[in-house]
Amino acid sequence: MDKKTKKHRSLYIPYAGPVLLEFPLLNKGSAFSAEERSSFNLLGLLPEVVETIEEQAERAWIQYQGFKTEIDKHIYLRNIQDTNETLFYRLVQNHLEEMMPVIYTPTVGAACERFSEIYRRSRGVFISYENRHNMDDILQNVPNHNIKVIVVTDGERILGLGDQGIGGMGIPIGKLSLYTACGGISPAYTLPVVLDVGTNNQQLLTDPLYMGWRHPRVTDDEYYQFVDDFIQAVKHRWPDVLLQFEDFAQKNAMPLLNRYRDEICSFNDDIQGTAAVTAGTLIAASRAAGSQLSYQKIVFLGAGSAGCGIAEQIIAQTQREGLSEELARSRVFMVDRFGLLTDAMPNLLPFQTKLVQKRENLKNWDTDNEVLSLLDVVRNVKPDILIGVSGQTGLFTEEIIREMHKHCERPIVMPLSNPTSRVEATPQDIIVWTEGNALVATGSPFDPVIWKDKVYPIAQCNNSYIFPGIGLGVIASGASRITDEMLMSASETLAQHSPLVKNGEGLVLPELKDIHIVSRAIAFAVGKMAQQQGVAVKTSADALQQAIDENFWMPEYRSYRRTSI
């Protein structure tokens, strides 16, 4: 069946009347045709006029503009999503640049903090530790049989906001909204999940409105057994699903990824997605400057799982460009709250050990400090690139940025911490402190900076450039695993779509209006690499492209015909 026929054929629906209107995936509201209203017992349940989806979207846009705060806009959009998903995605598609920061970062942070307060209607699956023995039954309660993408969190490290308990559910919901809005994955194929293992947030534990399990967090063997029970139940119900780990605490994120990435098709977006989009941004920025990433010296502030994941991706890329592993690692410097990571530092985490600098190689540094601060590192390394993943605001001080600029004419500065309140430095300050010479990319959206009558666009190094395309590529190719090479192919493809690289001007990352083009291209690259790696069945390029096209969902109403259950 060709793509056009498949996407325009009628759907046979067993629901009718108010039940149909309460089904978000199927509800059309005022767009039900006269024939459908008669067939599905909807006569008199809707206003007389039959509207198009564009007319509905225009009304929703007018209503949206009436809300003054970002959190109220978020609540409004979530209400549409929970009543008419097709309309929700048409509205978001029409206003993606305006609405992406509202449905996801930074506004989703406030929505997570206030989750129990603003709760309206259930979405997704809440699995509490108290119900751990009912795991299979819980997943059987999900009405969608063909789930292809799950985003799961335990709510312990939500953005830079810490432990939000079940309030962390806002992240999987928002993330999956972007899988659909940016990557064309049908909402019928997606499932947000929160693992409710308690919370150590005392404010939540004493909040009478808090809807989660009121208990300190389960840890150690009990925690890992609970997660394993969930993974096994998922494999039993949906063996081919793509599982994305989201906002797990540092102590659990990497162990869970390493444990399950070869058991189920899975990845951690905080570690691997952030690494892929950052690497793609840096590849593009280096090429735009007529250079290569392998020529750059890079300093990180933040040596957690996300920062180390980015560093490892960069090291892999520079090895592809010709560096030895030893030389590649010698050009990357990791700084955390205890200073520069060195081989003399005790109590390093396993994923940090390969990213240390040899203390012996630092003996000629211009400093008497035993603990080497970020300023010490910048002064002695003279980096070309400074990346912030600390989750702490204001740590890129004027002194540090000006010191960097002394030795680098066009510094690349990337304060990536989310949400906006946690950013290491604002783009405005960085532009001023570098006399307009810095290339700035941030984790959260920022308006362009105007300095000395010149406009400086600020690229958002947003994972949504990467993970929707990866998801689409996995679904289209039928990949059983996500390999490092698949992630690197996504980074390379993103860099190839940089306006700054292609045109010599503009943003280092594509505009959001081109996100579907980018996601399709990444999906093809990821699917092709999956085939080369032997984790997907080999097909022709044309067949892979056809599979991508067939799986790319657009927010358009289908005609309905009634059938019995």
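Cβ from N, Cα, C; glycine included.
Binding of divalent metal cation is attributed by Swiss-Prot to Glu246, Asp247, and the same site annotation extends, among Asp228, Asp229, Asp262, Asp270, to Asp270. Same-chain neighbours of the divalent metal cation site beyond Glu246, Asp247, Asp270, judged by a C-beta within 8 angstroms of the site's C-beta center, are, in sequence order, Thr153, Arg157, Ile158, Ile171, Phe245, Phe248, Ala253, Asn268, Asp269. Distance between Cα atoms for Glu246 (divalent metal cation binding site) and Asp270 (NAD(+) binding site): 6 Å, as a whole number. For the pair formed by Asn418 (NAD(+) binding site) and Asp247 (divalent metal cation binding site), distance between Cα atoms is given as 12 Å, rounded to the nearest Å. The NAD(+) site, placed at the center of the C-beta atoms of Arg157, Asp270, Asn418, has further neighbours from the same chain whose C-beta lies within 8 angstroms: Ile158, Leu159, Gly160, Asp247, Ala306, Gly391. Those residues noted as binding NAD(+) (Arg157, Asp270, Asn418) have their most widely separated CA atoms at a distance of 11 Å.
Across the structure, Arg157 (NAD(+) binding site) and Asp247 (divalent metal cation binding site) place their CA atoms 5 angstrom apart. When the Cα atoms are compared, Lys175 (active site, proton acceptor) and Tyr104 (active site, proton donor) turn out to be 7 Å apart. Long-range Cβ neighbours of Asp247 (divalent metal cation binding site) (same chain, at least 6 residues apart, Cβ-Cβ under 8 Å): Thr153, Asp154, Gly155, Glu156, Arg157, Ile158, Leu159, Gly168, Ile171, Asp270.
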